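Below: one structure, written as structure tokens.
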Amino acid sequence: MGRCCFYTAGTLSLLLLVTSVTLLVARVFQKAVDQSIEKKIVLRNGTEAFDSWEKPPLPVYTQFYFFNVTNPEEILRGETPRVEEVGPYTYRELRNKANIQFGDNGTTISAVSNKAYVFERDQSVGDPKIDLIRTLNIPVLTVIEWSQVHFLREIIEAMLKAYQQKLFVTHTVDELLWGYKDEILSLIHVFRPDISPYFGLFYEKNGTNDGDYVFLTGEDSYLNFTKIVEWNGKTSLDWWITDKCNMINGTDGDSFHPLITKDEVLYVFPSDFCRSVYITFSDYESVQGLPAFRYKVPAEILANTSDNAGFCIPEGNCLGSGVLNVSICKNGAPIIMSFPHFYQADERFVSAIEGMHPNQEDHETFVDINPLTGIILKAAKRFQINIYVKKLDDFVETGDIRTMVFPVMYLNESVHIDKETASRLKSMINTTLIITNIPYIIMALGVFFGLVFTWLACKGQGSMDEGTADERAPLIRT
């Protein structure tokens with residue numbers, strides 16, 4: 001009986017160890033899990049991935065912060081601007097995909113991304129319909145910019161003088177965000193009906209969409225899940241100088257493909273930024289107990305380098321690191337994009353304005369992604385809208401203002417997975433962990449039987465050494 005147990009334990013140990021190593025090397029269970037996820041994470045009617053893509057379940061909040069100008073007269077005399085940050089004014093975003101149509105045997109899908117904003121009073125510092133902000137007169141600066149290359153130059157100069165326009169104006173937060181009827185734009189509208197008489201930083205962006213998209217469904221490859229193929233009927237942009245800079249890369253930022261590795265560079269096309277950007281792995285995180293890869297927008301995105309020379313408009317006119325001139329895609333308005341408080345920008349942009357306090361915690365853009373599913377667990381998209389200003393002798397409105405990139409406002413668009421959704425996702429992830437760890441469980445059993453085998457071997461050797469009383473007796477007795 002003992003000898004039988006001895007051989008059984010040894011055989012089982014050897015078989016289990018060989019089996020576990022074979023399964024690990026062949027990645028049998030890992031491949032099975034990966035294939036299962038690849039089949040589930042695809043835009044197809046009836047899949048959970050499609051439902052979440054069409055109507056994102058997680059709440060998205062956008063916080064708007066404004067820079068209130070406190071010394072307008074001194075600025076016009078050439079002194080350093082002083083601004084005070086006012087905010088947040090928080091809005092909940094209501095998002096959904098509409099006009100959905102499948103094409104190309106289910107490998108592509110077209111849609112528009114609708115977005116509406118609902119004010120959240122309890123998460124805001126005040127009432128946007130009442131609170132006043134003093135800032136640059138962006139419509140005036142825009143028409144001044146138009147006058148530099150526009151046939152309406154003489155008309156614009158005459159209108160600004162006749163209507164005594166000032167460089168700084170005061171409006172409510174609601175007006176600055178969603179629009180107000182501007183006097184100068186209304187006059188120009190008479191000559192140019194295509195120019196709206198209304199101005200707002202997010203005018204016509206509440207309850208609307210940012211254009212027509214064609215996405216890949218991931219049917220042909222999980223790596224193509226929700227990648228953008230076309231935007232507004234174009235496969236590339238036409239604003240920038242080089243073909244590389246005009247490429248539309250990656251997703252719209254609402255979703256990513258599953259089975260992400262930390263060595264991957266992920267691409268995103270945020271249409272409000274007028275260009276594609278990329279994010280890189282930064283650190284390991286845990287969100288609601290779920291594992292995540294933290295990806296960040298690196299400083300190189302807006303660095304003054306040869307790789308970004310194609311974004312300098314006009315050609316060769318690079319403003320410096322940390323800022324992007326997007327006037328070419330904003331109807332000629334002298335809008336400069338940056339990160340909040342000129343985070344990661346050249347120091348001269350920060351020191352030019354009194355009231356800039358850039359810091360990583362509040363001003364960087366990041367996204368925490370569960371690498372197994374590609375689901376976003378937590379994210380913060382942050383960018384700042386600035387205006388390029390300079391003194392122009394032909395326009396008394398500019399006074400003796402310094403040439404600078406002047407901050408107007410910034411936003412923080414954030415999302416955080418809730419406990420209920422996290423619990424469901426955690427259950428699914430734990431199940432996959434059990435499956436992928438089966439080879440290790442088999443290996444542990446192999447080690448256990450190996451220990452039993454060793455114990456039986458030692459016990460058997462001990463028994464042989466001790467022997468019986470007769471065996472221990474001397475052969476010759478006296």
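Any Cβ shown, glycine's included, is placed from N, Cα and C.
Remember, it's a predicted structure, so these values are computed and weren't measured experimentally.
Summarising the annotation, Swiss-Prot assigns topological domain 'Cytoplasmic' to 1-4 (among others) and lists sequence analysis as the type of evidence.
What Swiss-Prot lists as transmembrane segment is 5-27 (among others).
If you look up Swiss-Prot, you'll see 28-433 marked as topological domain 'Lumenal'.
Annotation for N45 (N-linked glycosylation site): no spatial neighbours, criterion Cβ-Cβ under 8 Å with sequence separation of six or more. The N-linked glycosylation site annotation in Swiss-Prot covers N45 (among others).
The Cβ neighbour count for N68 (N-linked glycosylation site), using a 10 Å radius over every protein chain in view, is 18. Residues or ranges marked as N-linked glycosylation site by Swiss-Prot: N68 (among others).
In the three-state DSSP scheme, N105 (N-linked glycosylation site) is classed as helix. Within 10 Å of the C-beta atom of N105 (N-linked glycosylation site) sit 9 other C-beta atoms, taking all shown protein chains into account. The N-linked glycosylation site annotation in Swiss-Prot covers N105 (among others).
Listed as Cβ neighbours of the region 'Important for interaction with GBA1' (155-191) (distance under 8 Å, sequence separation of 6 or more from its ends, same chain) are residues 64, 66, 69, 72, 75-76, 89, 126, 128-137, 139-141, 143-144, 146-147, 197-204, 206, 389, 394-399, 401, 409. Under the heading region 'Important for interaction with GBA1', Swiss-Prot lists 155-191.
The N-linked glycosylation site feature in Swiss-Prot is assigned to N206 (among others); the stated evidence is experimental evidence. In sequence order, K115, A116, Y117, W178 make up the list of same-chain residues 6 or more apart from N206 (N-linked glycosylation site) whose Cβ falls under 8 Å from its Cβ. According to its DSSP assignment, N206 (N-linked glycosylation site) is coil.
Taken from Swiss-Prot, the feature N-linked glycosylation site covers N224 (among others). Long-range Cβ proximity for N224 (N-linked glycosylation site), meaning a same-chain Cβ under 8 A and a gap of 6 or more residues, is found for L216, T217, G218, H257.
Counting every protein chain shown, the number of other Cβ atoms lying within 10 Å of the Cβ of N249 (N-linked glycosylation site) is 17. Feature annotation from Swiss-Prot assigns N-linked glycosylation site to N249 (among others); the stated evidence is experimental evidence.
Here Swiss-Prot flags C274-C329 (among others) as disulfide bond. Secondary structure at C329 (disulfide bond), as computed by DSSP, is helix. The 10 Å shell around the Cβ of C329 (disulfide bond) contains 19 further Cβ atoms across the protein chains shown.
For N304 (among others), the entry in Swiss-Prot reads N-linked glycosylation site, with the evidence type experimental evidence. In three-state terms derived from DSSP, N304 (N-linked glycosylation site) belongs to neither a helical nor a strand segment and is classed as coil. All protein chains shown were included, and the count of other CB atoms within 10 Å of the CB of N304 (N-linked glycosylation site) stands at 15.
What Swiss-Prot lists as disulfide bond is C312-C318 (among others). DSSP assigns C318 (disulfide bond) to coil in the three-state reduction, placing it in neither a helix nor a strand. Cβ-based neighbour count (10 Å, all protein chains) for C318 (disulfide bond) stands at 16.
According to Swiss-Prot, the N-linked glycosylation site annotation covers N325 (among others).
Taken from Swiss-Prot, the feature N-linked glycosylation site covers N412 (among others), and the record attributes it to experimental evidence. Under DSSP, N412 (N-linked glycosylation site) is assigned to a strand (E or B) in the three-state scheme. Less than 8 angstroms from the CB of N412 (N-linked glycosylation site) sit T62, Q63, Y65, P88, P340, A380, K381, R382, each of them six or more residues away in the same chain.
Here Swiss-Prot flags N430 (among others) as N-linked glycosylation site.
Within 10 Å of C274 (disulfide bond), counting C-alpha to C-alpha distances, fall none of the recorded positions N68, N105, N249, C318. If you take every residue in the topological domain 'Cytoplasmic' (1-4) and average the pLDDT, you get 55. Between the candidate disulfide-bonded residues, C274, C312, the densest Cβ environment within 10 Å is the one around C274. Counting only same-chain residues six or more apart in sequence, the Cβ atoms lying under 8 angstroms from the Cβ of N325 (N-linked glycosylation site) belong to F311, C312, I313, N317, L319, I335, I336, Y388. The closest partner of N249 (N-linked glycosylation site) among the recorded positions, by CA position, is C329; the full candidate set was N68, N304, C329. In this structure the alpha carbons, written CA, of C329 (disulfide bond) and N304 (N-linked glycosylation site) are 20 Å apart.
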